Amino acid sequence: MGSNQTWIAEVTLLGFQLDPTLDYFLFVIFSVLYTLTLLGNGVILGIISMAPRLHNPMYFFLSHLAILDISYASNNVPKMLANLVTQKKTISFIPCIMQTFLYLAFAATECLILVAMSYDRYVAICHPLHYTVIMSWRVCAALAAGSWGFSLLLDMVHLVLILRLPFCGPHQINHFFCEILSVLKLACADTTLNKVVIFATCVFILVGPLCLVLGRRKAFSTCSSHLCVVGLFFGSAIVMYMAPKSQHPEEQQKILSLFYSLFNPMLNPLIYSLRNTEIKGALRRTLWKGRHV
């Protein structure tokens, strides 16, 4: 960061730019979805922590996924809800950059956790006799720690590349949060390097792991719920960052980001619980004990 670095004090998040009369309607809808996201993932965490039968690698990774979904939604949605009901839709530049940093970190970590979950299911299905040896708690802890640590280090690269840029306006982001591609449009310098690194990251984080999972799709014939989550998350990210842009790229990004921020975190607990007899059984036992306390 040189001495001629230009900063923006604050930026305006333009949001969805719909009829103002719809803002309160959207506020109610998104608030309900956000509440369901917190409750659903919170219930998953609670059940896994209280049920000894669920203290195994599969649910260890699922608990990390629940934490990520809560964190991911909480990074973006509260500011979006506030902007829907207030006239002042600004955010200071430093919190904006922090929002970008956390958004990238949580998204990359979730990709890697989903891959770790896929590997766990592959070992359980294809190597059941060696499962407890291959998927020891040491290995599970290393996979989880590696997913978080590698994502944070990778995100630091994006952060450094963003902070080296001079920002001189316009002081508006055509999004409901500080998404990285929208933030780069504020820079008054060449952002080609940033975009190349973003594309390379997508190849490494998205395309490579997705090919590995799909290459073993026969092994996951009994894991349709997990394949559904992987397909939704990875497919949407590839469309958002790697597919050719439509005639309205900003609106496309908003819709896909809304999916990541609200719908995917809300759907994950439903997908994993409704098709999972162990979680449903643990929930029934927990409720039964609660009634007799």
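Here the Cβ of each residue, glycine as well, is placed from N, Cα and C on the backbone.
Summarising the annotation, TrEMBL assigns domain 'G-protein coupled receptors family 1 profile' to 40-214. Per-residue confidence over the domain 'G-protein coupled receptors family 1 profile' (40-214) averages out at a pLDDT of 90.
What TrEMBL records for 24-47 (among others) is transmembrane segment.
Taken from TrEMBL, the feature transmembrane segment applies to 59-77 (among others).
Per TrEMBL, transmembrane segment is recorded for 97-117 (among others).
Look at TrEMBL and you will find 196-215 (among others) tagged as transmembrane segment. Non-local neighbours of the transmembrane segment (196-215) in the same chain are 108, 111-112, 114-115, 118, 154, 157-158, 161, 180-181, 227, 230, 234, 237-238, 241-242; each lies 6+ residues outside the stretch with a CB under 8 Å from one of its CB atoms.
Taken from TrEMBL, the feature transmembrane segment applies to 227-243 (among others). Listed as Cβ neighbours of the transmembrane segment (227-243) (distance under 8 Å, sequence separation of 6 or more from its ends, same chain) are residues 107, 110-111, 114, 118, 181, 198-199, 202-203, 206-207, 209-210, 213, 217, 220, 252-253, 256-257, 259-260, 264, 267-268, 271-272.
Long-range contacts of the transmembrane segment (255-274) within the same chain, counting only residues at least 6 positions beyond its ends with a Cβ under 8 Å from a Cβ of the stretch, are 30, 33-34, 36-37, 40-41, 43-44, 62, 65-66, 69-70, 72-73, 76-77, 80, 107, 175-177, 179, 225-226, 228-229, 232-233, 236-237, 239-240, 280, 283. As annotated by TrEMBL, transmembrane segment applies to 255-274 (among others).
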